[in-house]
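Feature list (source: Swiss-Prot):
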type     : residues     : note
DISULFID : Cys38-Cys102 : disulfide bond
CARBOHYD : Asn7         : N-linked glycosylation site
CARBOHYD : Asn59        : N-linked glycosylation site
SIGNAL   : 1-29         : signal peptide
Amino acid sequence: MAFVLMNNTNAFLVTLLLLSLSYIPLSFSTIQQDFVMCLVDNSDASFPMDSSFFTHDLNASSFKLALETSAQNLRYLMPSNPKPEFIFEPLYETHVQAAVLCAKKLKLHLRLRSGGHDYEGLSYVSEMETAFVIVDLSKLRQISVDIESNSAWVHAGASIGEVYYRIQEKSKIHGFPAGLCTSLGIGGHIIGGAYGSMMRKFGLGADNVLDARIVDADGKILNRAAMGEDVFWAIRGGGGGSFGVILAWKIKLVPVPEIVTVFTVTRTLEQDGTKLLYKWQQVADKLDEDLFIRVIIQPTSKTPKSKERTISTSYQGQFLGDANRLLQVMQRSFPQLGLTKKDCLETSWIKSVMYIAGFPSTAPSEALLDGKSLFKNYFKAKSDYVEEPIPVEGLEGLWEKLLEEDSPLTIWNPYGGMMAKIPETETPFPHRSGTLFKIQWLTLWQDGKTSEAKHMGWMREMYSYMEQYVSKSPRSAYVNYRDLDLGMNGKGSDAREWGNRYFKGNFERLVEIKAKFDPENFFRHEQSIPTELE
């Protein structure tokens, strides 16, 4: 059960509030009581404190639901994983300010959650400090679209799908270049970079941010002018949970055509899949900027009734234009795929987003408002950036590795276009010119702890095999595909071990900004930006 905090500045009414909860008098801890009283004392009285507050002690089922609803990686919901003291869901910005002030006063460690998609569960689990609380921003999801200024203010708890839907409500010829997974929380998504199917045309979501509102470690709300250009730079790609609580982003809308074309073409190894993928590597970053073709690679049965497996390569594309122009582009640049008019689906931009995200073709656009993840598994993920085509022999070795595992999945996303034009120091996200494509590595399973060691072991072996074919010095990684194998704060490793992989030459600047903006390191987690380097 969630209990409701009613706004009262009067100490007597605060006492009545706590007494009203005392039907389980020994279960409501001193920490929780102190936090409730502090919240009421530090919130603006004009905004009712009717936020939800979930604690395991008062009602385990409601607490479990609040903890698990948005969590994507089931590995971090096992009974053995640390659980928060409580979960607080603010309804107004002033409640977030109060939560920061009270956590600081009571020396409580905060975990900040907007969408719950952190691959290593860092928005809802803490291994480094087990006495922690979650501030869940999912109720802060207001979206205000202004077509005249080509901009929108979007609060951190809104999902990417909601943002897309609210934009298309106002205009069929405007969009935003962000994520492919529509259940992502926009707060954490943009702060890590935010790539999507229009990145080759318009860059990342973080490249299209005009302003932001953030709560700092002193509980102050700062916009771009107040936080300064250094902090504004840092929060557009520097990773979540390091500089403050993102309340909202002001994003720049981009033009999209009335007709967008999507397609999926699948080839197996028996259909020259290896040769085709080698060719894709040579052209994917050089294609027309209106065209995005990613490759989804996984084992599949050779025939519907066969137990023998092969490798499937699915080329999934989005083109900002009609099918006739797409076919001209493909014939000129990538005829080897053999794309035909029959493969193409002409649709609206919003429907193309849903196609890429995996929604059924019959799903209405209102399905984007649901915000629920279509992907929920036990999994381990890693990432790589590729700067030279992987040779055929390297691909053949990869196929052998993939066929060893039960449910592996790898997704290759093309770069080039606008991504190659933006300097790598423009934001903390450095993976720009020279990158051909990014690889996401995944292994998924359904039976919890019993087979985790097996799947984790396979992932690390495969990752080791691929080292010779990917970026070097550093072997780069994407911060929003969080990977604790790269190193952790407080575990005896130099933060450069993971920081340089995520941010390359931008890491030291991030550390300098962190030291000035949050010198006490209030906002921290296993891979947060440190205040100093060893």
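Cβ atoms are placed via backbone N, Cα and C, with glycine included.
Under the DSSP three-state reduction, Cys38 (disulfide bond) is assigned to helix. Take the disulfide-bonded residues Cys38, Cys102: by the count of other Cβ atoms within 10 Å of each Cβ, the lowest one is Cys38. On a Cα basis, Asn59 (N-linked glycosylation site) lies 23 Å away from Cys102 (disulfide bond). Taking all protein chains in view, 16 other C-beta atoms sit within 10 angstroms of the C-beta of Asn59 (N-linked glycosylation site).
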